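Novice: Dumping the structure here so I can ask a few things about it.
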Amino acid sequence: MSDKAVLSCRNLGKSYEEGPESVVVLSGLQLELHPGERVAIVGTSGSGKSTLLNLLGGLDTPSEGSVWLAGEELSALGEKARGLLRNRALGFVYQFHHLLPEFTALENVCMPLLIGRTAIPEARQRATALLERVGLGHRLAHKPSELSGGERQRVAIARALINQPGLVMLDEPTGNLDHHTAQGIQDLMRELSTSSRTAFLIVTHDMSLARQMDRILRLEGGRLVEA
C-alpha cells in the first residue's frame, strides 16, 4: 500500500453463503484514495455499493483481501482499536442520517469529539462553528424530530467532519436535499478537499454530483471500473 494513501484495498472480496451456494457480491477490488481526492462510486441498485462502503469503513469483514485506513490494516486490529481508528480517521454519512433522536443538533455533532475525550467547552465551540458553516447556526438546540430532512442530513455531514478526518465516506449524501442545499454540500466538500486535504468517497445515483468529483468508478459485476 502507498504510504500516502488515506484508504487502500487490495483484492477485496465479499461473498455470502445461501444454502449450498456461495453468492459472490464483490471480487478482486483494487482502490487507492489519496489526500484531497474526491471519488464517486456509481452503479445500479443491488450492485454492492453499500456493502463496499461497509467493508472500506471497517463495519463489515471481507471474505478475502485487505483494507488499509490511515496506514492501518483493519483486519489486524481488534474491535476496540478499529472503532477508535474509525472515530479518529474516518467520517461516515449514511443515506439515512442516523442521528441520536434524544440529543440536539449541537450535541449530535459534539459526540465524536466527546468520544475522543475532547473537553466539553471546546467540543461545543467547534461543533457550533461547523453547524454555522453548513447553514444551521440557528438550529443548534433543535432535536432531529424538529428538523427537516435536509437539515438532518446537514447535521449528519457536520458530525462526520467534526474530527477533521482524513477521509469522509458518504452514502447518497444529497438524496434528501433540494438543489440549493445539495450544491452547498458539494461546495463544502470541494473547499475541504483543497483547504484541509480531506478525501471524499461518495456512493451516489446522482450523476450531476458524480461528475463534480475527480474520478468516477462504476461498480458492475462485483468489480470496480473507471467510468
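Every residue gets a Cβ built from N, Cα and C, even glycine.
Positions annotated as domain 'ABC transporter' by Swiss-Prot, on the basis of sequence analysis: 7-227. Here Swiss-Prot flags G43, T44, S45, G46, S47, G48, K49, S50 as ATP binding site, drawing on sequence analysis.
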Novice: Around S50 (ATP binding site), how many other C-beta atoms are within 10 angstroms of its C-beta?
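Specialist: For S50 (ATP binding site), the 10 Å Cβ neighbour count is 17.
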Novice: Which has the fewest other CB atoms in a 10 Å radius around its CB: T44, S45, the listed binding-site residues?
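Specialist: Each of the binding-site residues T44, S45 was scored; lowest Cβ tally within 10 Å is S45.
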Novice: What mean pLDDT score does the domain 'ABC transporter' (7-227) have in the model?
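Specialist: Mean per-residue confidence for the domain 'ABC transporter' (7-227): 87 out of 100.
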Novice: Show, in sequence order, which residues other than G43, T44, S45, G46, S47, G48, K49, S50 on the same chain lie with their Cβ within 8 Å of the centre of the Cβ atoms of the ATP site.
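Specialist: Other same-chain residues with Cβ inside the cutoff are L219.
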Novice: For G48 (ATP binding site), which residues in the same chain are close in space, meaning a Cβ under 8 Å from its Cβ, but six or more apart along the sequence?
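Specialist: Counting only residues 6 or more apart in sequence, the Cβ neighbours of G48 (ATP binding site) under 8 Å are K14, V25, L26, L219, G222.
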Novice: Sorted by position, what residues of the same chain at least six away from S47 (ATP binding site) have a C-beta under 8 A from it?
Specialist: L219, E220
Novice: Return the single residue from the binding-site residues list (G43, G46) that has the minimum number of other CB atoms within 10 Å.
Specialist: G46
Novice: How many other Cβ atoms are found within 10 Å of the Cβ atom of K49 (ATP binding site), counting all protein chains shown?
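Specialist: Cβ-Cβ neighbours of K49 (ATP binding site) within 10 Å number 20.
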